[in-house]
Amino acid sequence: MRIDQSIINEIKDKTDILDLVSEYVKLEKRGRNYIGLCPFHDEKTPSFTVSEDKQICHCFGCKKGGNVFQFTQEIKDISFVEAVKELGDRVNVAVDIEATQSNSNVQIASDDLQMIEMHELIQEFYYYALTKTVEGEQALTYLQERGFTDALIKERGIGFAPDSSHFCHDFLQKKGYDIELAYEAGLLSRNEENFSYYDRFRNRIMFPLKNAQGRIVGYSGRTYTGQEPKYLNSPETPIFQKRKLLYNLDKARKSIRKLDEIVLLEGFMDVIKSDTAGLKNVVATMGTQLSDEHITFIRKLTSNITLMFDGDFAGSEATLKTGQNLLQQGLNVFVIQLPSGMDPDEYIGKYGNDAFTAFVKNDKKSFAHYKVSILKDEIAHNDLSYERYLKELSHDISLMKSSILQQKALNDVAPFFNVSPEQLANEIQFNQAPANYYPEDEYGGYIEPEPIGMAQFDNLSRQEKAERAFLKHLMRDKDTFLNYYESVDKDNFTNQHFKYVFEVLHDFYAENDQYNISDAVQYVNSNELRETLISLEQYNLNDEPYENEIDDYVNVINEKGQETIESLNHKLREATRIGDVELQKYYLQQIVAKNKERM
């Protein structure tokens, strides 16, 4: 079977490879390209690159990649024709296949695709009923009085379901769709006594609900006459699952990636108004708590999430619960606190679009700052709560991945407890550590190293200095750790504290992607080991290793009996100082030989 080349080109032009790959891979911008862990093979260091300019992807490890069709073929393990059809469905391009064999070879639409087609066909009918019929005039006036322009109504595909039990039913039946499938799609309801079917949505303003690819998979029908419920949503179906759907994600995804932030609101109406006001990276759940599936998808797009829930007690409680969960999941969490009793729609209606966008830009707090401001009265007047929340907030701050954001949170939170940021940092470092971490001895017990004072780090041997510098570079970058971890025998460390830190780093990087001292100290429960970690944190060393610098440290630690260029240069200078020509000649030959080895 063959597909017309113009169709293939249209699908390729309408499919952004960055959006496509982002559904499977968490990508980070590196220069002009994006990089992430390859979805086709296991790896710890990202080697999968996506070029937005060239619209291609490539893995430097397993060599797989290509354009949007080749990526889809690989990720779904399907043929080229199937990949074209799938991507065509994604961007609403019909794929006409010229069969070289009988028509039976042409793949018909799946039930899921037929369900989506039903939703998209009836949307056109609903839109017509709202904008072109007498019956829809009252609903249209209701929308216009609430700031919905004709352009916004068209952009969002808003429609009207007439007050008829068979409007949708008859329309779909005339189009040749199976009525039972329309019921399973959530467009119809069923009388369980006589098994007759009737419209689920009647006399309601219809808001289409789209999946991440922009396909309509459900509806939310809003009353405009005061009937209950206020909003009637599609039921759970094979194509509409609330735990997987974030309203407006299809429109907001590019802005989320560009701004490296997603803003979560309570309802889709707030999203529509916020988006119209100029806030383009907004989404909302469909009346449910943020699910694990939601969080997984968000983490593929960004590590920064801002909560902007209603300014009432329920909104505050939801913010605390949701924010705590997101923080535990390793995301950077921020909060925009709306004035009491207001939601985004009401704020925009009262103050206008410009005031709203300025408020959002200038009134963003870390979750820890928001939480302590909510609890401030209890902290101030209840000593038991003071201790409890001091520990809670210390733990919350320790979960933050950015050391810069941690320091800002320390500065913001400390005054609520009448302590200095340094004292709060000490609470994090010394009282939040979990179970003991010591290496095991031959009997299975734990050995605590002999005490060593911070001052003793100023009197290290040449070998210990190499160990310290080596660890410092490993602490700065996970990729460096992964590249060099197996190059060193831990038993070759002469400083036992450094040896234990080396082992701590192994455990730390097994669970974390980026090193920070607040997280690392939780992997030890020894004052001496914590002191060593803090000393290494404070140790000043060049940010980027010089050429072969780390290799030199590895050689020293492993005691390979090979002089480093640094030590040979030092000995050459000493031989020159004392005037020993033979030694000068010897060390110069050694330096030349070592430089040749590196070439």
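From the backbone N, Cα and C atoms, a Cβ is placed for every residue, glycine too.
Summarising the annotation, Swiss-Prot assigns zinc finger to 38-62 and lists sequence analysis as the type of evidence. In the zinc finger (38-62), the DSSP tally of helix, strand and coil residues is 0 helix, 8 strand, 17 coil.
Annotated domain 'Toprim' per Swiss-Prot: 260-341, in sequence order.
As annotated by Swiss-Prot, Mg(2+) 1 binding site applies to E266, D310, with the evidence given as sequence analysis. Taking a C-beta cut-off of under 8 Å and a sequence gap of six or more, D310 (Mg(2+) 1 binding site) has these contacts in its own chain: E266, L338, M342, D343.
Among the features that Swiss-Prot reports, Mg(2+) 2 binding site is placed at D310, D312, with the record citing sequence analysis. For D312 (Mg(2+) 2 binding site), the count of additional Cβ atoms within 10 Å of its Cβ stands at 14 [all protein chains shown].
Counting every protein chain shown, the number of other Cβ atoms lying within 10 Å of the Cβ of E266 (Mg(2+) 1 binding site) is 20.
Using a Cβ-Cβ cut-off under 8 Å and counting only residues 6 or more beyond its ends in the same chain, the zinc finger (38-62) has close neighbours at 12, 16-18, 21, 24-25, 27-28, 30, 32, 68, 71, 74-75, 479, 482-483. Secondary structure from DSSP puts D312 (Mg(2+) 2 binding site) in coil. The residues of the domain 'Toprim' (260-341), classed with DSSP into helix (H, G, I), strand (E, B) and coil, number 36 helix, 17 strand, 29 coil.
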